[in-house]
């Protein structure tokens, strides 16, 4: 076990002799802290002791509390942060420089290439010609993004236009694969339909993952490149997950096609739906194998960490930077 997901009102967590004790009304379990990398509190009504918190810090366990949208309401992470001052100075200096333009190109290229990869995979399953046409158009846009030459502000605007053009192809194509009874027509983060609400929640989980690896790499999550700086918003975390949004898209799509249907009450996912999404996204991050830079197989979670460390190294002038494209 690497990630422990805790949900359910009245659950109590405490520490005893190297173990996390998990107690609810009808059940008691023990988990060695040495088996854990992350603990996710998915619902309210969970009690935990201060001694357990101290021990999780000692063991280097990431502890995160999600809000009702799947976003991290708070977190406690190990104090092992790499070269923070040097990295952040380089990060700020890269803004509006050629390095910033390169980062934006790679972010958009990777996002679009992964969208194309997901559609191509389902074309291979279904032999639906509209999917073939779609993934070919999106991969062409991805290459245009990677080859773009412009100064920072102009590059950002043109890359956003390419993203928007790809979205107009991607989401209608994905909707073909989603059961019609779910009522999904297009991507709208403000919509309260079942699919958009589920996507918002799943992306929130990815925001938490990206925020953690950025901080551990010594980067400032609040100073982005593609996303404009906004007070209190971790815009670099938003940038990073562009390369990994396919994780949520592919996980939820597979769930829908296997008959799962989320429940939304007053615009919010119910408890069972939230728990199912958290569990499924974590399994995808921990179990799906991929590659980045070299041929060594790694998990998607490891890839997110590796690409972030590579980004920090690039901003410090120590290496190149290549966006992450999953090996579909």
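Cβ from N, Cα, C; glycine included.
Where the annotation comes from TrEMBL, it is an automatic prediction and has not been curated.
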Have a look at 138-165, 166-193, 194-221, 222-249 and point to the one annotated coiled coil in TrEMBL. 138-165
Take every residue in the coiled coil (138-165), average their pLDDT values, and give the whole-number result. 98
Candidates 163, 227, 242: member of the binding-site residues with the richest Cβ shell (10 Å): 242
